[in-house]
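Pasting a structure here, questions to come.
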């Protein structure tokens with residue numbers, strides 16, 4: 001004999017029920033002549049329903065609030081959706097009803113999961129990073145779940161200074177910060193491990209005494225906050241100059257070693273600040289870190305986050321650079337950051353990457369070249385046009401030439417304004433004709449043009465690029 005359950009099915013609170021007992025569901029009728037098939041045909045038609053030509057952008061709450069009119073309306077239901085063609089047929093009382101009652105030109109709009117988002121999720125509660133921690137007899141481990149893939153260059157900046165621990169995650173234009181006064185004494189070193197594909201970072205502290213902790217520590221100001229990077233106050237740490245190497249007659253690479261309690265993974269396109277006291281005044285200047293070479297070994301200390309390599313042009317009349325040139329090995333320098341507006345999101349689906357650099361404006365391009373060739377398979381062509389005065393001024397010339405022979409996707413063109421008679425390459429200064437031949441736009445290509453150099457060079461270059469019909473979204477300017 002079958003044992004038939006006495007409870008009703010579906011259960012009273014189940015979503016399988018059309019409506020709670022004794023109530024009717026509010027339904028919204030479609031306009032005459034329309035059905036769900038009309039919406040399906042529209043989504044398959046190839047029309048750009050986002051209004052962003054396939055780009056995925058980051059949207060803050062402030063940006064979302066700007067789009068609040070009938071002809072320019074965005075909403076956020078897990079992701080941001082362009083609702084400019086959507087009219088609400090009645091005023092729903094719940095978020096679910098808002099989704100169910102939305103109709104596009106009289107067509108029923110399916111749930112958000114079936115619509116194409118125009119942005120990455122807002123930094124809302126369910127999208128913001130979170131952390132957890134555990135301990136062993138000898139260690140305390142903090143795990144940060146960023147909820148997104150982490151680029152190969154990393155995103156963690158960790159500083160253990162005395163009894164305080166500061167952990168910052170640089171996630172595009174957003175910054176997630178953890179900040180404690182620790183519960184007990186720890187050793188002076190810190191280990192950082194990153195699981196790039198799953199977006200997890202683990203910070204390991206080593207206990208001085210093998211006791212049991214009840215918590216990581218006392219939260220300090222701005223602990224567990226998720227805000228835009230530009231609104232985050234810079235943090236400095238003291239680094240030691242461990243080596244200098246000549247690149248050209250007037251340019252050096254300075255290798256700075258971070259203290260044992262610090263680990264700095266500088267995202268591609270970001271810069272740091274060097275600060276020192278000269279003649280009783282603090283002097284601060286931005287510099288973009290580079291790798292040890294364009295074709296580095298499989299793993300280097302810079303990748304581990306313990307060293308910083310800065311390519312610096314020495315000016316005889318420069319207050320800071322002349323000081324750096326005479327600075328003995330073992331000296332201390334204060335390093336702040338990282339900082340910068342470049343986000344990996346701008347490279348999404350790019351097929352052709354163009355770089356226009358003058359002088360030490362090459363430094364942000366150096367790591368971008370390596371990233372494009374090693375990590376971004378969507379980029380079919382990477383081209384650099386490099387402007388200098390004389391041949392002896394070209395930074396990493398031999399490495400650039402070697403990379404051209406090894407990588408068919410990479411091309412470099414040198415342009416000299418004061419060449420010798422023996423120079424066989426391009427001559428002159430940047431102009432529209434030069435760029436028109438360089439900046440190709442193949443059919444169905446998605447292009448990005450990156451510019452860096454002295455102010456006058458940058459302003460003229462951007463103006464010329466715009467004249468060639470490259471939009472603001474297709475151009476990035478590196479500024480220190």
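Every residue gets a Cβ built from N, Cα and C, even glycine.
Those TrEMBL annotations? Automatic predictions, nothing curated.
A quick note: this is a predicted structure, and the numbers were derived from the prediction, not measured.
Marked as region 'Disordered' by TrEMBL: 1-26, 94-124. Residues annotated as domain 'CS' in TrEMBL: 126-217. Here TrEMBL flags 234-345 as domain 'FAD-binding FR-type'. For 286, 287, 313, 363, the entry in TrEMBL reads FAD binding site.
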Which numbers of helix, strand and coil residues does DSSP report for the domain 'FAD-binding FR-type' (234-345)?
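So the domain 'FAD-binding FR-type' (234-345) is made up of 14 helix, 55 strand, 43 coil.
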Just give the helix, strand and coil counts over the domain 'CS' (126-217), going by DSSP.
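So the counts come to 0 helix, 55 strand, 37 coil.
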Listed FAD-binding residues 286, 287, 313, 363 - what's their greatest C-alpha to C-alpha distance in Å?
12
Return the count of C-beta atoms lying within 10 angstroms of the C-beta of residue 313 (FAD binding site), excluding that atom itself.
16
